[in-house]
Amino acid sequence: MSKDVVMSTTAVPFTSTILGSPRIGPNRELKRAVEKYWAGRIDRDELESVAAGLRRDTWASLVAAGLDSVPVNTFSYYDQMLDTAVLVGALPPRVADVPDDLDRYFAAARGNDDIAPLEMTKWFDTNYHYIVPEIGPEATFTLNPDKVLGELEEARAQGITARPVVVGPITFLTLSKAVDGADAPLARLDDLIDVYSELLGLLADRGIEWVQLDEPVLVTDIVDNAAELAERTYNRLGGLAKRPSVFVATYFGELSDALPALARTPVEAIGVDLVAGTGAALGAVPELADKLLVAGVVDGRNIWRTDLEAALGTLSALREAAAAIVVSTSCSTLHVPYALDAEDDLDPALRSWLAFGFEKVTEVVALARGLKDGRDAISAEIAASHAAIESRKSDPRLNNSRVRERISAIVASGAKRGSADHRRAAQQDRLKLPALPTTTIGSYPQTSAIRIARADLRSGKIAAAEYERRMKAEIAEVIKLQEQLGLDVLVHGEPERNDMVQYFAEQLDGFFATQNGWVQSYGSRCVRPPILYGDVTRPKPMTVEWIMYAQSLTDKPVKGMLTGPVTILAWSFVRDDQPLADTAAQVALAIRDETVDLQSAGIAIIQVDEPALRELLPLRSKDKAAYLNWAVDAFRLSTSGVEDSTQIHTHLCYSEFGEVIGAIADLDADVTSIEAARSHMEVLGDLNAVGFSNSVGPGVYDIHSPRVPGVEEIATSLREALDAVPAERLWVNPDCGLKTRTTDEVTESLKHLVAAAAEVRGR
Ligand code: GLN
Ligand code: ZN
């Protein structure tokens, strides 16, 4: 179909869609199939038939719900950035020799005995992780459209009006990584546009009317010339003689000056996120007058029911801004669970407040009908949404004045500890630790005995008392091991925790754990984030008994082990009816109460982990300082209830710490353990540069790898660290928790760690 024909059809554009959908399967069928394939238990045909079945069901349900344009190519065996790398022929040369294309794909994602995998990192500020494509100096791009054409073929056979979705060229290159001395990948934009041009031509040949190109990077400050890049790219793609109509989707924030730039190009549709952004500028862009505006009014990444009245108001107000309005989710619903009906244990009020992936589709469809036929056409839906919103607003569980008063009182009193010097002296008096104290980050290997005990408890095979007995046996093992190894500060090993956030969420009021609310975190890994719906309170101590038990077995100090407020928020679905800072303060108060109880139980050292501090960092520079302020305040609120002689530790990982390094210093923990093994201690210089002067434990070996580090290697790292930090302030520890390692690996590695510390102490 030629462009002219397509243009004439834009007079009857689509009216309702979503930007993408979950793909793991309503019961994690894809996860199971892919893992079986990796283990050699099913063959490729069987895997492909599971995948095709999931696609078919997804499309059928979207059509049945009433969407008039269905996104395809949003399915993935692992990740959409990796799919795009395959599409444009940008897999790294080191996988080229893997003969089978699917195995090559998985080798790039996960590595194999001979091939190191590509890196993985967070997709913007979500909990989804993508595979980072590598662009070397020799990289050439060639089109490999099999996946997208194959899915379109399937959709056609099913009679679906399909709209292929592809990561856009600006976003693809911006999120890729230059390797082997290549220039920044964006330098290759023009070459890559050639390949996209070829793709668009092929799609037009097949009669595809619309293609969606995702450019979320345009709402961030990762590139500083978003407007120029958008204009250059979409003038070229828009100017092609043979192509489908082009829909450029943006999400996770406000477009700012890339909006008028995109609007000046010949693309037919622009998508904006009206949940994360306000869309305030939309009325002032005259070039939108002949475009479709795809208005993301239904939140694609949180689980709350939409206020349909408000959303319809937003949509109606936009009518003048563009040629036509399409109702959509703000982003792909990849980030939310499939459907509410899988939850049979939900409090009815809470159920009425929620919308998962499927329910969001029905909201989009209702809004599209309301926009077309008027508010009265959906008055029943609006009434139901209104009732849910009123019930949520007035629910006493969201309005606990006592929590709010306690926070104000503590904040008013300063929430401060004594000076760092005073604390150091008081703690040394109490703990009498040697120079270069050795410790670990908290978890020990999750043995099969632990997993069996958890499964047995869940299935009712054993009672709580037996479970507790088995966990205590695990703790006793771990304490014995640490004493044998000669570590200075011990941990209980965290056997009772399935997950460092869920464990606390299950014990705090204000949280709800779903039964089947799985979302993809990366590849085949799925997580089930708790829902933080109400004011947070701690009905009773959460960790004290376990830690006291561990402490009763040893004369060495045992660290209390808690998860910090920012990390608890980052890995939960959070309420959207109050500022995140307020929610963080409530969680912080619960953690603070726990620290005070641990202290009363005689625990002298308490670690409050904040591995997700970097994760919630806003995408726009102007919003970063405010976030870091409340994040630091929440941490301090959670850790300032204890005496100066109680030592507060924190732990951070998963990051380039650059932008948060000042905040790390501001946390003012007495001891900070931090991932450093892979960055060769560089983080220490960065900490010095911001005036950090408390103690620090740079991770001296990488726990993400099964490799056991040698004594000399660790000693060398420690000596390197001593160039940046005096011995009185330096701790010795691995770079993260040990739960993914085997007991043998851990025993050997820690033996070497203790020996290296002894060697360097005596230097
Ligand atoms: N204390 C946790 C553990 O050791 C910290 C995990 C993390 O940093 N992600 O497992
Ligand atoms: Zn960590």
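Note that Cβ sites are derived from N, Cα and C of the backbone, with glycine treated the same way.
Note: TrEMBL annotation is automatic and uncurated.
Features of the protein shown, as given by TrEMBL:
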type	residues	note
ACT_SITE	HIS704	active site, proton donor
BINDING	ARG28, GLU29, LEU30, LYS31, LYS122, ASN127, ARG525, CYS526, TRP571, GLU615	5-methyltetrahydropteroyltri-L-glutamate binding site
BINDING	ILE441, GLY442, SER443, GLU494, ASP609	L-homocysteine binding site
BINDING	ILE441, GLY442, SER443, GLU494, ASP609	L-methionine binding site
BINDING	HIS651, CYS653, ASP666, GLU675, CYS736	Zn(2+) 1 binding site
BINDING	HIS651, CYS653, GLU675, CYS736	Zn(2+) binding site
DOMAIN	16-321	domain 'Cobalamin-independent methionine synthase MetE N-terminal'
DOMAIN	436-758	domain 'Cobalamin-independent methionine synthase MetE C-terminal/archaeal'
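Take the mean position of the Cβ atoms of HIS651, CYS653, GLU675, CYS736, the recorded Zn(2+) site; other residues of that chain with a Cβ within 8 Å of it are ILE441, PRO611, LEU652, TYR654, SER673, ILE674, GLY699, ASP735, GLY737. Here the domain 'Cobalamin-independent methionine synthase MetE C-terminal/archaeal' (436-758) has a mean pLDDT of 96 out of 100. Checking the binding-site residues ILE441, SER443, TRP571, CYS653 against ligand 1, the ones with a C-beta less than 6 Å from an atom of that molecule are ILE441, SER443, CYS653.
Among the recorded positions ASP609, HIS651, ASP666, GLU675, HIS704, the residue whose Cα lies closest in space to that of LEU30 (5-methyltetrahydropteroyltri-L-glutamate binding site) is HIS704.
Annotated L-methionine site ILE441, GLY442, SER443, GLU494, ASP609; additional same-chain residues within 8 Å of its Cβ mean position, judged by their own Cβ, are THR440, VAL491, MET500, MET561, GLN607, HIS651, CYS736, GLY737, LYS739.
Listed binding-site residues near ASP609 (L-homocysteine binding site): HIS651 (candidates LYS122, HIS651, GLU675; Cα-Cα distance within 10 Å). In this structure, the C-alpha atom of GLU675 (Zn(2+) 1 binding site) lies 22 angstrom from that of ARG525 (5-methyltetrahydropteroyltri-L-glutamate binding site). All chains included, 27 other C-beta atoms sit within 10 angstroms of the C-beta of ILE441 (L-homocysteine binding site).
Straight-line distance linking the Cα atoms of SER443 (L-homocysteine binding site) and LYS122 (5-methyltetrahydropteroyltri-L-glutamate binding site), rounded to a whole number, equals 23 Å. When the binding-site residues GLU494, ASP609, ASP666, GLU675 are compared by the number of other CB atoms within 10 angstroms of each CB, ASP666 has the fewest. With a cut-off of 6 Å between Cβ and the nearest atom of ligand 2, the binding-site residues LYS122, ASP609, CYS653, CYS736 reduce to CYS653, CYS736. Residue with the densest Cβ environment among the binding-site residues LEU30, CYS653: LEU30, by other Cβ atoms within 10 Å.
Rounded to a whole number, the distance between the Cα atoms of ASP666 (Zn(2+) 1 binding site) and ARG525 (5-methyltetrahydropteroyltri-L-glutamate binding site) is 34 Å.
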